[in-house]
Amino acid sequence: MACDSRPHSTYPEDVNYEWVLTIRRVFETEASNQSAMTGFVLLGLSAHPKLEKTFFVLILLMYLVILLGNGLLIVVTLLDSRLHTPMYFFLGNLSFLDICYTTSSVPLVLDGFLTPRKTISFTGCAVQMFLSFAMGATECVLLGMMAFDRYVAICNPLRYPVVISKAAYVPMAVSSWAAGGVHSLVQISLAVQLPFCGDNVINHFTCEILAVLKLACADISINVISMGVANVIFLGVPVLFIFVSYIFILTTILKIPSAEGRKKAFSTCSAHLTVVVIFYGTILFMYGKPKSKDPLGADKQDVSDKLISLFCGLLTPMLNPIIYSLRNKDVKTAVKNLVSQKYFAQ
């Protein structure tokens with residue numbers, strides 16, 4: 001007697017067994033997908049393993065320069081009493097901000113260059129996105145605050161001690177950090193509520209929010225609108241404020257009768273203006289450059305986009321302490337005094 005090879009079942013005889021198995025597979029696959037989305041895979045340069053070691057060394061060197069340069073600026077602004085002024089207080093905040101911003105992503109990038117399978121948990125991804133978003137938004141606001149500080153110092157020097165007093169510049173810095181944190185919390189809260197039930201491969205070195213949103217299997221229009229509004233508030237408004245401030249600053253400087261006076265006045269804000277141009281210039285370059293229309297060159301374009309985004313994120317934090325050191329006699333003097341004190345102390 002022929003035996004039925006199908007497993008015994010409690011399903012009625014009139015139910016199509018193959019149909020039942022198909023439905024079961026669908027539900028099992030869906031459940032597997034949902035349970036698997038506890039983390040993400042970071043693609044990075046996985047398709048180009050020969051480049052990973054080279055970029056590991058390069059990124060590590062840039063990161064060390066960022067830590068050393070910004071760390072040194074923080075130390076000298078704390079230890080040298082001559083630098084206990086509003087401008088250097090903001091500069092210390094900017095240096096600490098740059099350290100936090102790069103530390104939120106660079107260790108993950110470096111680890112990815114050395115790890116064959118670059119994974120990150122869902123929670124870890126959310127934390128990394130929060131920190132990156134918060135630091136980026138805070139820097140936009142802080143650069144605006146620093147522009148206001150320079151505006152008052154040059155356009156209303158007699159009122160500067162009153163307008164930019166400690167009771168004013170400390171809350172200004174705190175509000176910059178608070179605004180960046182609230183903005184990031186809103187954006188990340190909206191992102192983590194999305195269902196991720198498909199591919200979990202992020203085509204980037206880190207949890208870049210636009211790359212993460214592409215993996216969502218739901219409508220992301222609210223996220224896009226929210227980010228658009230945030231870009232206007234945290235990019236557009238500070239840029240407009242800085243632009244107007246420097247119009248007044250330049251107008252005031254040009255009215256100074258002596259060339260030496262004009263040079264001295266401009267030197268007090270040239271470092272900040274340089275940092276602003278580099279910071280917003282890299283953002284404009286990253287998001288404003290045209291995309292390749294050649295489908296055959298899509299892979300090269302994709303790799304270059306990721307590398308440009310990575311290096312642009314490191315460029316400003318690395319150059320900030322160099323710019324403020326080279327163009328500022330007070331900082332150079334403070335660094336020399338600090339080094340000489342350490343040398344003679346030994």
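Cβ coordinates are placed from backbone N, Cα and C, and glycine is handled just like the others.
Noted in TrEMBL for the protein shown:
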type	residues	note
TRANSMEM	55-76	transmembrane segment
DOMAIN	69-324	domain 'G-protein coupled receptors family 1 profile'
TRANSMEM	88-110	transmembrane segment
TRANSMEM	130-148	transmembrane segment
TRANSMEM	160-180	transmembrane segment
TRANSMEM	232-254	transmembrane segment
TRANSMEM	266-287	transmembrane segment
TRANSMEM	307-326	transmembrane segment
Distant-in-sequence neighbours of the transmembrane segment (88-110), which means Cβ under 8 A and at least six residues beyond its ends: 42, 44, 56, 59-60, 63, 66-67, 70-71, 73-74, 77-78, 120, 128, 131-132, 135-136, 138-139, 142-143, 145-146, 149, 169-170, 173, 176-177, 205-206, 275, 310, 313-314, 316-317, 320-321, 324, 330
Across the domain 'G-protein coupled receptors family 1 profile' (69-324), average pLDDT on the 0 to 100 scale: 87
Other parts of the chain folded back onto the transmembrane segment (307-326), taken as Cβ under 8 Å at six or more residues beyond its ends: 55, 59, 62-63, 65-66, 69-70, 72-73, 91, 94-95, 98-99, 101-102, 105-106, 109, 204-205, 208, 271, 274-275, 278-279, 282-283, 285-286, 289, 332, 335
Same-chain residues near the transmembrane segment (55-76), Cβ under 8 Å, at least 6 residues beyond its ends: 45, 83, 91-92, 95-96, 98-99, 102, 106, 109-110, 113-114, 307, 310, 314, 317-318, 320-322, 324-325, 331, 334-335, 338
Other parts of the chain folded back onto the transmembrane segment (130-148), taken as Cβ under 8 Å at six or more residues beyond its ends: 87, 90-91, 93-94, 97-98, 100-101, 104-105, 172-173, 175-177, 179-181, 183-185, 187-188, 206, 209, 230, 234-235, 237-238, 241-242, 245-246, 272, 275-276, 279
Spatial neighbours of the transmembrane segment (232-254) far in sequence, C-beta under 8 Å, 6+ residues away: 137, 140-141, 143-144, 147-148, 150-151, 154-155, 179-180, 183, 262, 265-266, 269, 273, 276, 280, 283
